[in-house]
């Protein structure tokens with residue numbers, strides 16, 4: 001009966017106090033207010049599906065924490081939400097992006113790309129008039145430009161709606177009042193706007209286009225960049241909304257919106273109208289490009305091999321050094337044992353990115369401590385740590401050993417202390433040497449408990465972006481003929497980063513996401529089979 005009551009209290013959470021209830025309501029109120037604000041933004045942007053999803057999740061969270069009972073769910077909910085936000089969502093989003101052409105030139109919708117192209121297609125009309133303008137408002141609320149032509153001293157008036165407020169010359173007969181120099185000072189029926197009133201105009205006078213004729217594309221328009229001076233401009237392209245065709249004004253060449261590539265493209269010669277495109281689904285093209293494009297396939301094989309060597313070498317070297325130190329300092333008779341152990345974990349306590357920069361300075365070819373002091377006997381034959389492939393790879397492994405052995409030292413020390421002393425004492429009595437005790441007793445038992453951590457360490461080093469990028473930047477880059485930058489110390493993740501944020505050919509997030517998915521599958525497969533082997537190791541040691 002007592003056990004039954006304890007189980008009930010465990011799952012019900014006991015009787016909540018008034019203070020706890022008020023704190024819970026207060027925290028949930030803040031969360032709900034924040035989510036409500038997000039929902040308003042999502043509904044305003046017509047993201048109804050996402051808004052409904054967030055609303056449902058919020059209701060479920062409120063139900064979990066407001067109801068009595070369900071204590072395990074209350075502890076699990078924060079972790080599950082973080083897992084969904086930072087792991088599951090990232091994997092799903094990366095998978096989706098890998099089937100698109102998302103990148104520098106394709107980072108928006110068709111409408112956004114069309115607007116950007118039209119904004120970039122504005123060019124001044126050669127030899128056309130320039131004006132000094134006054135921004136005015138008519139009785140019907142329309143904003144117009146009252147412009148003084150610098151060349152002819154004539155004054156013109158017009159608004160964005162050509163049918164209501166056409167661009168035309170105005171004189172005193174129309175109600176215009178000028179000063180002695182011919183500058184407009186007043187106009188019957190128009191209000192001259194102050195600087196403050198101009199700044200309040202939405203979306204702004206700098207976006208206004210005052211047509212010079214009924215056809216904005218052919219006749220041109222007046223535009224201003226500062227609300228003081230204006231000039232005649234025209235579009236270098238015209239757009240037909242029904243056929244989704246762009247026509248270049250200079251040669252009347254037509255470009256059709258191609259949904260396969262996300263560009264306006266000429267069907268005859270394949271010419272692309274502009275470097276601005278829109279995001280479209282491309283199917284398996286990014287994955288096909290990884291294995292089919294010779295510019296990618298060339299360096300990819302070497303990078304993949306080095307990635308495995310780097311990950312395996314890092315895990316092996318750090319484990320060997322960490323285990324050796326753990327075995328050496330696993331004797332309670334050593335004086336100052338705690339001090340030694342604290343010293344060994346210092347590299348682990350120091351921020352890794354700072355350590356990488358410190359090592360970069362130590363390994364500097366000309367002025368580094370290692371070349372000038374430790375290896376000073378080599379004279380002028382200094383090791384070029386960042387200029388030669390072999391030296392750069394050795395430097396990366398050396399620095400990663402420095403960063404990683406304290407972790408292995410910690411876990412090996414903990415695992416060794418968990419091994420019963422009776423086993424080692426019995427082996428010693430039977431005449432086993434220290435090496436045989438380590439090899440036949442300690443190491444098998446260590447591997448059972450440490451195997452999952454070694455697998456996790458391999459997965460971490462397989463994607464150890466920081467160690468590579470901060471120390472060598474992926475270099476040295478020894479092959480200038482490659483169209484895609486690939487360095488001697490590049491691992492897959494740094495290579496993917498360079499593709500995603502390339503400055504030379506432009507970012508290609510779709511291709512980078514395809515690489516990321518492949519990396520995820522590689523790591524997932526290795527981890528899956530490794531854990532299966534670990535389970536077999538556990539069964540053999542039982």
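Even glycines carry a Cβ here, placed using N, Cα and C.
Annotation source TrEMBL lists domain 'ABC transmembrane type-1' at 304-530.
According to TrEMBL, the feature transmembrane segment maps to 21-42 (among others).
Sequence-distant contacts of the transmembrane segment (48-66) (same chain, six or more residues past either end, CB-CB distance under 8 Å): 24, 28, 31-32, 35, 38-39, 42, 73-74, 77, 81. The feature transmembrane segment is assigned by TrEMBL to 48-66 (among others).
Outside the transmembrane segment (78-99), and at least 6 residues removed from its termini, the chain residues within Cβ reach (under 8 Å) are 57, 61, 281-284, 286-287, 509-511, 513-514, 516-517, 520. Residues annotated as transmembrane segment in TrEMBL: 78-99 (among others).
What TrEMBL lists as transmembrane segment is 303-327 (among others). For the transmembrane segment (303-327), the residues of the chain that approach it from at least six positions outside its boundaries are 344, 393, 396-397, 400-401, 404-413, 416, 438, 442, 446, 454, 457-458, 461-462, 464, 468, 486, 488-492, 495, judged by C-beta separation under 8 angstroms.
Taking Cβ pairs closer than 8 Å, the transmembrane segment (339-359) reaches residues 325, 329, 395, 399, 402-403, 405-407, 409-410, 413, 466-467, 470-471 in its own chain, all 6 or more past its ends. The transmembrane segment annotation in TrEMBL covers 339-359 (among others).
The transmembrane segment feature in TrEMBL is assigned to 394-419 (among others). Among residues of the same chain six or more beyond the transmembrane segment (394-419), those with a C-beta under 8 A of the stretch's C-beta atoms are 310, 313-314, 317-319, 321-323, 325-327, 329-330, 341, 344-349, 352, 355-356, 359, 363, 385-386, 441-442, 445-446, 449-450, 453, 457, 461, 464, 467-468, 471-472, 489.
Look at TrEMBL and you will find 440-460 (among others) tagged as transmembrane segment. Sequence-distant neighbours of the transmembrane segment (440-460) (same chain, 6+ residues past either end, Cβ-Cβ under 8 Å): 311-312, 314-315, 318-319, 323, 327, 404, 407-408, 411-412, 415-416, 418-419, 423-424, 427, 432, 523, 526-527, 530-531, 533-534, 537-538, 541.
Sequence-distant contacts of the transmembrane segment (509-531) (same chain, six or more residues past either end, CB-CB distance under 8 Å): 91, 94-95, 97-103, 106, 282, 286-287, 289-290, 451-452, 455, 458-459, 462-463, 492-493, 495-497, 499-500. The transmembrane segment annotation in TrEMBL covers 509-531 (among others).
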